[in-house]
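Features of the protein shown, as given by Swiss-Prot:
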DOMAIN    8-105  domain 'Yippee'
BINDING   12, 15, 68, 71  Zn(2+) binding site
């Protein structure tokens with residue numbers, strides 16, 4: 001009998017707290033502060049910081065930095081508002097820096 005495989009998870013690089021599901025990845029083609037980043041539809045076990053307007057590669061956005069709830073490691077940010085119509089799909093979504101997350105249970 002084959003063993004059931006659970007969800008593929010991403011964890012905080014520092015403490016291994018689960019922060020995202022592979023199935024929630026919308027795109028792997030984003031740029032973060034430290035390099036490549038992934039856009040997720042959902043996140044878990046994170047703290048969302050205060051909102052601020054930030055000029056990003058795709059224009060002005062209101063974002064809030066996100067960090068691990070357990071160790072406070074900065075992980076990326078949440079898109080709160082996109083000012084350009086073409087960028088509205090990002091609202092409510094999360095950017096995780098690839099360097100800040102690791103695959104867990106794969």
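Cβ coordinates come from backbone N, Cα and C, glycine included.
Since this is a predicted model, take the numbers as computed values, not measurements.
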(message) Using DSSP, what is the helix/strand/coil residue split across the domain 'Yippee' (8-105)?
(response) 12 helix, 58 strand, 28 coil
(request) Restricting attention to the domain 'Yippee' (8-105), give the mean pLDDT. (result) 97
(request) Could you tally the C-beta atoms, other than its own, that fall within 10 angstroms of the C-beta of residue 15 (Zn(2+) binding site)? (result) 14
(message) Counting other Cβ atoms within 10 Å of each residue's Cβ, which of the binding-site residues 12, 68, 71 comes out lowest?
(response) 71
